[in-house]
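*Asks:* Pasting a structure below so you can have a look.
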Amino acid sequence: MVSTVILPKDYATLILNISTQTLTKAQKRWRVAFVAIYFSRGMISVARDIVPKKTNFSPISEIISTPSYTVLNIEPNVREENDSVHPDKTENLPGCSSFDTIDKTKLTDMMRNKNLEELRRVGDVEGLTRALQTDPDNGIQGTEEDVIQRRNTFGPNTYQKPPPKGLLFHIVEAFKDTTILILLVCAALSLAFGIREDGLKEGWYEGGSIFVAVFLVIAVSAASNFRQERQFQKLSKISDNIMLDVMRGGRRQKISIFDIVVGDVVFLGIGDQIPADGVFLNGHSLQVDESSMTGESDHVEVDLVQNPFLISGSKVADGHARMLVVSVGTNTAWGQMMSSINHDSNEQTPLQARLDKLTSSIGKVGLVVAFLVLTVMLARYFTGNTEDDDGNQEYHGGKTEVNDIINSVLRIVSTAVTIVVVAIPEGLPLAVTLTLAYSMKRMMADQAMVRKLSACETMGSATVICTDKTGTLTMNQMTVTKFWLGQENMGEDYSDAISPEVAELFHQGVGLNTTGSVYKPVSGNMPEYSGSPTEKAILSWAVLKLGMNMEELKQNSNIIHIETFNSEKKRSGVLARRRADNTIHVHWKGAAEMVLAMCSHYYQSNGVVNLISEYERTQFEKIIEGMAASSLRCIAFAHSKMQEEDMQHKGEGTSNKKLKEDGLTLLGIVGLKDPCRPGAKKAIQTCRSAGVDIKMITGDNVFTAKAIATECGILGPDQQVNSGEVVEGIEFRNYTSEERMEKVENIRVMARSSPFDKLLMVQCLKQKGHVVAVTGDGTNDAPALKEADIGLSMGIQGTEVAKESSDIVILDDDFASVATVLRWGRCVYNNIQKFIQFQLTVNVAALVINFVASVSAGEVPLTTVQLLWVNLIMDTLGALALATERPTNELMHNPPVGRTEPLITNIMWRNLLAQAIYQITILLTLQFKGKSIFNVNETVKNTLIFNTFVLCQVFNEFNARKLEKKNVFAGILKNHLFLGIIAITIILQIVMVEFLKKFADTEKLNWGQWGACIAIAALSWPIGYFVKFIPVAKRPFLSYLRR
């Protein structure tokens, strides 16, 4: 028997010559695998012969520890015909084999250090793509198993945030308050001396009561701050959840930034945040802002050869691209940096700063009163002018025991300290925090996400809103409704009326010059379009009306250079080579009048090219004006052939190529209809009635802008325009500074504006004293959003750069939500004013009563525990009750609050002084005549004073709900929290009086005494009603005192 030796070459011949008809499905796959390996080996051997020996490049990366072909994992039972992934899109996708062969550390280091040499060793971006088992065109498989394996192998795209501050932290912080510490010392001394004098059974009451009251105040304050912290954490998670476009399984889809995995192919456009570390796959004119990572303000150009690295946390400044994700989460420099940063939610807003000053001023008054009370009471005690509960003189000089002296002095000091506690309105910052946290939560439900706390309150003072048109006033649902080819309106069915040559040029002009894409399911369903609403509308029109085949078009053309669209140029262009005849074509698409200005000829539907005469140019301009007057956005297409030498002399390299911009041939003009949002007109009317001026700033031409502004109610009916109400951006830009300041108030619509024009308008309005809110969605809107008092970015169309520059994100891009934010802003300010009025009434009454009583009678009617209870009612429970009122329609009937408007208005002074004077009169009457009026002893009299004082605050809390309206009960049944807090306060007061005799130092009251207390307190309502008939001066009350 003779053995035959078969060489490797013979194996190849043997396998290649086997008839495919005799092979099983598994054998066919083996055959394909063998051919692939055999071919790659052949190419490598050829490359070795060609590449010089000194070159260190190798097709096998050091990142991959074993030869590249070991990554290929052929499984005999792969997808069957009925798999859910379509074979036409996924047959070229790599199998999801193990990634154990990849050195993750070297991969991470390569990205972090931007190591181009290491990337070359991998085999460039192409080799890295193979190693990560990704298809550059179709992405990863995207099955659940594939994504899970990648996440388990390379980690998730999340970073470990520092843990939020717990409840214990806030309790410790509350203990750091100076007045609280003084009270705790007094409580400890009082407890010690009380136990020493009266024993443990009876002696702990006074000191223990103060301890309990102080701990209760601390617990409520800490719990409120802890709840606010958690609320901010939740909102932070929502704001960080960016949606991105990725390609998975051959299909473009939106996923969360947290769901990105290594190997994903991500689409990047202007303003997008780079979600992870990765490399450039393909794209055009890509420039990246890496200032957040490097501090360098200059934009970095990214390409496939010199700098293919894309760093997480950077922003796309210009161009568009696809990137391959290489490192995610904490494996990126951005992830490591963010893990070490603790986002502090204790941002102090301007209103909180003003309230801190107010708190400080009131606190100083309280300190003076407390010091006077302390001085007078100590003097009266040591001069023998005070009596104990049995009517005996307390101090007898040297005969008085030291314990008695210390106890009495401690009681006096404790009372003085408690007066300070009551006087200092520490509930004001709490009220601001509560109302901001509450309004933020509610605004989220109303499609507005607050990024900066100060915006909540500032929005209430807004006097001007500068709004975009597209997507804000309109629905951003574009459809092509008009098509002019030459000077012929093409009507409805024109597929057969256009010559094949012109149709082919339209296919190129639409399909190659776009940032959108078309996905055609195999099942025969309607194509799916992705991209901006404008891009989707044009793509849909070209596919359905002109029969464009996107895949075939891209196969037949080679894109050489792209000039991306931006709001300055208002057009985009593409330079492409047609493979069939090797001709080079330039296509432009953009604002109709701007593209028309670049054209010297135009196509007719039959393919004939005509020169554009002056008359015909005028006719085209009238066509554009007519479409724009019908609220249509006009987009024109232009084309020209270029010679090879014309393209090459522009300079070497793609980035230096410049597209031809004159002597073009106009292909046609389409009109896109974007209907007004249903609630926009009503929202604009609401803002106007609230004294807020609305200005529309748009990039569309003046005719479209006027039509939409009329439809939305910004301009009068029938587009009646007064002089100076509608301007173009270039006109506004060319005004002198004085002219701009003179005319900016009258402008209602600015058309053909650039982002610089928007910034200029914001600056002018602010100089005029306006509080300006601005909406924006593009990267170039960032300066105006930052310059404005309130920046409002769009959640759907807005870029990440715009969102980061804004204070509030409008999640549904709807102007009605902007009006809602205005309502909430006014509500926040109004709620704070309600609480200030309520608290100052208590402050004034408590200080005057205690001071007068201590000076005249040598004692205060309210004990330390009772004062702490009043403090709890007015600070914490009062803040909860009044700071959570929802906005009402009446808020939108008032003029905006100016920058210099005092926090405490004359109306508030009128209301609070009336109530304070009433309470002081009643309580001092009870102090000096209460025993004889009610025929009771000293303890019952003091209980009556305490009970009446607390009930006065309960009734006055209703008065505080409305600063000007006489009906304080309007809408009260809708505010369940307010009613609940009132009920809790009353129940706790009953418990304090009736059941906690020793704790609160009270006596039980009979039904008649309770009725008297309620009747006296209820008089607060009629007083509050009638006092609102008293007119007040416009000049601030405190300004008279400053003279």
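Placement of Cβ uses the backbone N, Cα and C atoms for every residue, glycine included.
According to TrEMBL, the record shows the following:
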| type | residues | note |
| --- | --- | --- |
| DOMAIN | 124-195 | domain 'Cation-transporting P-type ATPase N-terminal' |
| TRANSMEM | 178-195 | transmembrane segment |
| TRANSMEM | 207-226 | transmembrane segment |
| TRANSMEM | 362-382 | transmembrane segment |
| TRANSMEM | 412-438 | transmembrane segment |
| TRANSMEM | 840-858 | transmembrane segment |
| TRANSMEM | 864-883 | transmembrane segment |
| TRANSMEM | 976-995 | transmembrane segment |
| TRANSMEM | 1007-1027 | transmembrane segment |
*Asks:* Other than its close neighbours in sequence, what residues sit by the transmembrane segment (840-858), given a CB gap under 8 Å and a spacing of at least six beyond its ends?
*Replies:* 362, 365-366, 369, 372-373, 376-377, 380-381, 385-386, 415, 419, 422-423, 425, 867, 870, 874, 904, 908, 912-913, 915-916, 919-920, 923-924, 927-928, 949, 952-953, 956, 960
*Asks:* Residue list, the transmembrane segment (207-226) vs rest of chain: Cβ under 8 Å, 6 or more residues beyond ends.
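*Replies:* Distal contacts: 165-167, 170-171, 173-175, 180, 183-184, 186-195, 414, 426, 430, 433-434, 864-865, 868-869, 871-872, 875-876, 880, 998-1001.
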*Asks:* What counts of helix, strand and coil residues does DSSP assign across the domain 'Cation-transporting P-type ATPase N-terminal' (124-195)?
*Replies:* 46 helix, 3 strand, 23 coil
*Asks:* Average the per-residue pLDDT over the domain 'Cation-transporting P-type ATPase N-terminal' (124-195) and send me the rounded value.
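*Replies:* Averaging the confidence scores along the domain 'Cation-transporting P-type ATPase N-terminal' (124-195) gives 82.
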